[in-house]
Structures are given as structure tokens and as C-alpha cells.
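Trainee: From TrEMBL, here are the annotated features:
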type	residues	note
TRANSMEM	88-108	transmembrane segment
TRANSMEM	129-150	transmembrane segment
TRANSMEM	156-175	transmembrane segment
TRANSMEM	187-203	transmembrane segment
TRANSMEM	215-232	transmembrane segment
Amino acid sequence: MAMLPVVLHWFFIEWYSGKKSSSALFQHITALFECSVAAIVTLLVSDPVGSLCIRSCKVVMLSDWYTMLYNPSPDYITTIHCTHEAVYPLYTIVFIYYAFCLVLMMLLRPLLVKKIACGLGKSDRFKSIYAALYFFPILTVLQAVGGGLLYYAFPYIILVLSLVTLAVYMSASEVESFKDLLLRKKRLVVLFSHWLLHAYGIISISKLDKLEEDLPLLALVPTPALFYLMTAKYTEPSRILSEGANGH
């Protein structure tokens, strides 16, 4: 949940930056900076205050995330709202983090975009910021409703989504060979970002309990990109995109 704002920021910056815009890389760095600072500040204000460590309650079962559903009703009429966060602070710390992300974005990004996004029209410059104003409430609701489910399923969700988004990006960018990949630095940034997500998903699943057995799994990180580049000549993404644009 902490990485999702970064990934979504990068996605919408890339989506709205335009092919001729040189500001995308600076916006990517700024988005990473905003979320990193927000994460550090969130840890500092959490218990114990002023430390990057957090004091957390252990998660035992899925119902620990939804204690509000277990408020007692002694007479089956009046509900006593007395339950607390059993997984403290894993549930509420995400909301605090999103609040800091939003504040930092509104303080830093508009100034940066106004200064360096010269390759875009006035109406397009701030679209990535407007997108964030939509996805932050969506992420908040997602955490509020599905926090417990995400806690157990997030490694698999990260792997699947990172694979899908990498394939979509490379096909939309008409990357069909290693030469196409090296033509623009932006493509390498996107590729390395997805590799980090792949690695994080693999580590989350294996937990590196047996380091000597699990560490070699990280060698699989470049495999999806290599498989795509090796098979792109058979699928011809550029032809599929051109036919889709023509309505065939």
C-alpha cells in the first residue's frame, strides 16, 4: 500500500507527459522523493515518536483487521463501540502516510510542473496531479475495506500487476527489440522500476527464510522482459496497435 502511490504517480506522469516532454524524469524523481519523505515522517510520528521503528501488534488472523465488526451487543439492540485496532498500527498508519503524501504533492509538484513542463500544453501540465486527487481516495477506501485481505495477498498482487503493466507499457511504446529499449532513457527507468517490483514480490513470497535457497530466485526478475523481447517478433505489438487504431 505504501508503494502503490509511487507506482500510480509514475504511471500517470508517464501517461500524460507526452513523447516530447523532457520533464517526465524530474517528475518521477519528485514523486519518489515525496513518497519517501512521507514514509519517513509517518514512521517518525508513529509510536515510539521520533524513531524509525514502530511498535506493532502481531497479526494472528484475518478478523484482527476488522475489529469494528465485533463490537458487543449485550441486549441485541444497543451496540457498544469499544473495540480498538488489534493490528496497530498496520491499519491506520497507511492513512497517515497517504495524508502526508497528498500534502507534500500539493506543496512541491505544482511548482515543479509549472517550471519544467514546457513541452506540454497548459491543460495537460497538471493532469498527473489531478489523477492523484482521484486515486488517493480510491486507495484510502481500498485500505479501509480490504486491508486484511491485502495483507495476505499483496505479494501475488504485486507480481501479477507488475507483469501486466510491464507488458502493456512495452507494447504501447512499441518496444520490440533491445535496441528499441535503449533508445530512450525513460524506458529503462520504467523497466528498472518494474524489476524492483518483481524483486519485492518474490522476496515477499519467499520471505528469504532459507537465504541460500531463496536468493537465487531473484535471478528470475529479468525473465518477463527477456521473454517479451524474444517473442515480440512473433506477436508484432505495433501491428496490433495500428489495426486497433484503424478500427479493425
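The backbone N, Cα and C atoms fix where each Cβ goes, glycine too.
Describe the structural context of each listed feature in the structure shown, including burial, neighbouring residues and relevant distances.
Mentor: Sequence-distant contacts of the transmembrane segment (88-108) (same chain, at least 6 residues past either end, Cβ-Cβ under 8 Å): 1-2, 5, 30-31, 33-35, 37-39, 41-42, 45-47, 54, 56-57, 59, 65, 129, 132, 136, 139-140, 143-144, 147, 151.
Within the chain, the transmembrane segment (129-150) has long-range Cβ neighbours (under 8 A, six or more residues past its boundaries) at 1, 4-5, 8-9, 12, 15-16, 62-66, 90-91, 94-95, 98, 101-102, 105-106, 109-110, 113, 157.
Within the same chain, residues 3, 11, 14, 150, 181, 187, 190-191, 194, 197-198, 200-202, 204-205, 224-225, 228-229, 232, 237-238, 240-241 sit at least 6 positions outside the transmembrane segment (156-175) and bring their C-beta atoms closer than 8 Å to a C-beta of that stretch.
Cβ atoms under 8 Å from those of the transmembrane segment (187-203) belong to residues 3, 7, 10, 14, 25, 28, 155-156, 158-159, 162-163, 165-166, 169, 173, 175, 180-181, 214, 217-218, 220-222, 224-225 of the same chain, restricted to positions at least 6 beyond its ends.
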